[in-house]
Structure formats: C-alpha cells, structure tokens
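Straight from TrEMBL, the features:
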type	residues	note
TRANSMEM	88-109	transmembrane segment
TRANSMEM	144-166	transmembrane segment
TRANSMEM	173-193	transmembrane segment
DOMAIN	177-357	domain 'Phosphatidic acid phosphatase type 2/haloperoxidase'
TRANSMEM	249-268	transmembrane segment
TRANSMEM	312-330	transmembrane segment
TRANSMEM	342-361	transmembrane segment
Amino acid sequence: MAAPQLPQLQELSTFPTAYPETLPSFRADEPPQAACFARLRRRLPEFLSYRNDPTAPSKHSRLRAHLPKFRAPNPPDRPTLKQWFQRCWLDVLTQLLCILVAFIIYLTAPPLMTRYFPLYPGIHSAPWGLKHGQPYINEYINTAWSAAISFFVPFLLMAAVSGWWFNSFWDGNAACIGLGYALATSTLFQSLIKVSIGGLRPHFLSLCNPPIPPAYGATGHAPGVMYYTTDVCRGDPDKLHEAQMSFPSGHACAAFAGFGFLALYFNAKFGVLGHKPREDEKGDVKSGAGIVQVGVEEVQQDQRSFTRVPHWRLVLFAAPVLVAVIMAASKIRDMWHHPVDVVFGACVGVLFALMAYRMVYRAVWDQNKNHLARDILARDMGGGERANGGVQVGEPGIDDKGYVV
C-alpha cells in the first residue's frame, strides 16, 4: 500500500508587507546572522542619540514614577532649635544626670551591706549551692546592647509614627521625652537598689571559688563559723563585685520601661485597649430635668469605642511586650539572674513607664485624651476660638505660656 501524499506547502517568497520594519527580509545567499547585524548597524546611531538625549525618560525614571515618593516629615508645628531648647533643656539635663549617676554607681560603688553566704563540705550539691553555683557564661545581651535597644528602637519607632503618620513634632517630642523619663529614672532607681540591697547571682560560687572548709571528722571539732563573707573568695575582684548585684534585674527594668512605654504609645495612637469613662458614656444630666443628652459630636468622637478593633492592632501592641519579655527572660537563660530579680525589675520598669506616659500625655487609658500630648500649644488646638473647639490661655488646663497641662 502506497504511503499517503502530504499536501505541498506553498513557500512564501516574501514576508507580509504590513510589517516591513519589524521583520527584515533575507536573501537566499545571505545568512540570517548577517542580516541581523546589518539591521543593528543601521539602528545604532538612533539608539545612541536617544541615550545621549538628557530629556529622554529612562527605564528607571519610568519605574520611579509608579512608586510611592519618599517624603521627609515636615510637621507644621515644628519649632526652631532655640525654641525647642528653651522648652526641653531642663528635662534633657536631668535625664543625662540620672544616667551619669547610675553609670558611676554601676562601675564604682561597692555593696553597702556585707553579703554572707554558707560554706561547708558538699555545698555544691546542696540546694543553696545548686542555686548559686551555676557555671559562669557570657551574657546573650550585655548591658550596653540592652540600653541601646531599649532606647533607640522605641525612639525611632515613635518618631517615625509621629512624623510620617500623624505629622506632629510636639507629639513625637512628648513621646521621646517621656521615654527618657521612664528609662533614666528607672535606671537610677534600680542602680540604687542594687547597691543597697543587691544579692548573689546564680554563678556566684563559680566566680568566688572559695576554699571549702574541712569536714567535722577531719579536725575533730565542728567549724566555728558556717557563714562567710567575700573575703574568702579567690576569684577576679571585678567579676566578684558584679556577682553581688543580682537584685533587681537592670535588663528587665530597662526593657519594660522602654518597650512598655512604646506599647502604651501604640495603644493610645491606634486605640487598642483604651476605654471611655463611665460618666461620658452616660452623657450629661441636666439639673431638674433628668434628661440624658448625648450630642452628635460626642457620638462621632467616641465611635471607635463601640467598634471592633482590628487584630493587627493587638499584634502591634503585643510586639513591644514580647521584645521586653525576651530581653528580660534571657537573663534567666544565661544564668545571670534569678526569676525573682527579673520579675521585680520588670515591675519597676512598667511602673515608671506608666508614670512617665502620664506625665507627657493627658491620660493613660482614656481614649479621649491618652493620645493628646501635653506639649501642645493652645493655638495648635484651635487658636483659642470656641467655634473651632479651641481653648484659651488662662482656662483650667492651660498654663500662662499656652501649653496644655
């Protein structure tokens, strides 16, 4: 059986005339590569003239046109450096003095009270020895890194939110000054407690390396003293001084002071856990009429207290708390602090974060006021005109310089 004949394909002698410039024609005696190079040589002057034209848009410029433009914050309430210095120089000075005094205490001050500890044969296997005889290892996060992280990370985040999100200089200034309040005061507070109270770290026996007294049977009589001081230690004096400063944890104090303040800032600015006072929810009661009135403006202002809060705001609020917990708990992991040291240091940090936030903002939990900084001029709140909801100098809550108090 003969194979079927395939239909003859009609050979195209020329390319379609609709695209003379796109598809070049090839001669039978010329390879395709030569035709391509010839076309490139013809288009090269045009290409070079386009590239040398300064007015011609480039590929990168066309790409940048579709990207969001980066704009530096330019808040309308930004003062001059002299105005800011006149307003804040005393606060900055006192914060620096607190940090300086705490640093001097940390480096030079000896413990105010003598530390006594038991010492007897088999101390390393006893409960006290197991608690204070853990091996000495380097810190995961040392003191310098702890101070830098606790200050600069909240500082940069709050400055960015105030500058780019809310476009307010004095709001960012209040947040950063309040952060300094919390960190400087809590650092000095815990340094004084370390020197006056202190305590032995979990690796104290490893650094002390005391000579173990002989047992009762070796000498024929019981040892006269069971508690000793650090005079019997044979370790490095500098490390031995540090080993007596366990209570409270400075890392936990700084972490919860800095990141606790940041969590309060996020809560106020994004309305995570804020609440509305009970008397404001009920409205104003007119005397004699007994009619509860809730104005339309009040309902509009308080609308966020009756709506569901998005989940991302809870994540934003919990992130600083998580960082503080990790930094504080790392001191238990590297055997530099006991759990009670970390818990007490965290409580001190949270306490000063709450006090500092209330000192620079008008409330802590009240969502109607906890986002309003005290360093706001009366003219920035409406120029003192009642029609615009402003306040006037001399009214309750406004000092003689026009600042909210």
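Placed from the backbone N, Cα and C atoms, the Cβ positions cover glycine too.
Same-chain neighbours of the transmembrane segment (342-361): 174-175, 177-179, 181-182, 185-186, 189-190, 247-258, 260-261, 264-265, 268, 324, 328-329, 331-332, 369-375, counting only residues six or more beyond its ends whose CB sits under 8 Å from a CB of the stretch. By the count of Cβ pairs under 8 Å, the stretch nearest in packing to the transmembrane segment (144-166) among 88-109, 173-193, 249-268, 312-330 is 249-268. Within the chain, the transmembrane segment (312-330) has long-range Cβ neighbours (under 8 A, six or more residues past its boundaries) at 139-141, 146, 149-150, 153-154, 249, 251-252, 255-256, 258-260, 262-263, 266-267, 270-273, 342, 345-346, 349. Outside the transmembrane segment (88-109), and at least 6 residues removed from its termini, the chain residues within Cβ reach (under 8 Å) are 143, 173, 177, 180-181, 184-185, 187-188, 191-192, 194-195.
Per-residue confidence over the domain 'Phosphatidic acid phosphatase type 2/haloperoxidase' (177-357) averages out at a pLDDT of 80.
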